[in-house]
């Protein structure tokens, strides 16, 4: 959540320094392609000295994948019963197959394509919106993500939603309306209203995809589809605007903003998100989006000097209260040991 919040502020800094949306997306797409290449050679068991910094990042993120297993009791409403044991799995590639990166067909792996397209759409909308509105609005819109995720998740039979979760979602929604400038909307705020739908579709798609595929494979396809969707649109816009040379007018600060956004979000945050969706489920992952406003408001005040009103602070505290209630009631806290034990409804109890 801290990385997403920092990314909102960094993007805002980029645009305040005179950067364009197409400029940001084009250069971030180039870096994203390098990251995707790194994931591909890692999947094939190769190493490169050029990607040593990424190895240090991986040391802080436990992302070792095991053979995907689908328990017939894990997915409600019989979703897992539709999965054939002979379908694609991470072990389908053997040494005799030259260990090449697999091409996934949409008809066989529909979930990863849906999740990746939704994620790419969210990133595109977010960059455009941050050019026209404050970074804090991008943060405070996140508590609405669990609302859409819970509705879609229960409708699709992906995850059960308890009364406490619905209550916490309602509290988060109240905090959203209190803190966000939703009654005085601009172009950026209106665009941000579409973000929760895209995010909900993304995390639900990731839950289904990671039950069948290697998490590194899911991560790579997310990046490839992100680049495939956003890069052509940005290049066409830049060409039609007639300012191709202005694409290369970029300052050092703007370059740092692009690099940080690509590495922190596309590589690190997405990797953690995929792991979280697989372990604790999409609804709990989306519920943790609720703490983004806390980081965003603080970072915006520190680096941008934008005023923080009492209304925004009250809304943020309401959102934090919802998250605390969810964790204490639904996930269980051992008060004697101080350990937090979290068991997703999708995973078999130990």
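Backbone N, Cα and C atoms are what each Cβ position is placed from, and that goes for glycine too.
Per TrEMBL, the feature domain 'EamA' maps to 187-325. As annotated by TrEMBL, transmembrane segment applies to 24-41, 163-184, 190-209, 221-240, 246-270, 310-329.
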Ranked first among 24-41, 221-240, 310-329 for CB pairs under 8 angstroms with the transmembrane segment (246-270): 24-41
Rounded mean pLDDT for the residues that make up the domain 'EamA' (187-325): 83
Tally of DSSP helical, extended and coil residues in the domain 'EamA' (187-325): 121 helix, 0 strand, 18 coil
